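Enquirer: Here it is, the structure in full.
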Amino acid sequence: MSLEDDVKSIIVEQLGVDPSEVTENSSFIEDLNADSLDLTELIMTLEEKFNFEISEQDAEKLRTVGDVLAYIKTRQGQ
């Protein structure tokens, strides 16, 4: 499974959205109707899955699916 598929699967499961709604440009709040609790749970799940901590400062910048993918790729490249 690719990184994109992994992240999409987590988002679908955490937010209860249809997989077809999850694209790189999807905004968690505007497009996927996530609230702050949803986003906190999503960040925690991503941290657990990818085995690194996402700072509160970084988490606030993760507004779209593409933002999350780019962030994970950067962190994995370290």
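Quick reminder: no glycine exception, Cβ is built from N, Cα and C everywhere.
Swiss-Prot lists these features:
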- 1-76: domain 'Carrier' (DOMAIN)
- SER36: O-(pantetheine 4'-phosphoryl)serine (MOD_RES)
Enquirer: For a quick check of packing: other C-beta atoms within 10 Å of the C-beta of SER36 (O-(pantetheine 4'-phosphoryl)serine), how many?
Expert: 8
Enquirer: Can you count helix, strand and coil residues in the domain 'Carrier' (1-76) using DSSP?
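Expert: Its residues divide into 49 helix, 2 strand, 25 coil.
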Enquirer: Please give the average pLDDT for the domain 'Carrier' (1-76) in this predicted model.
Expert: 97
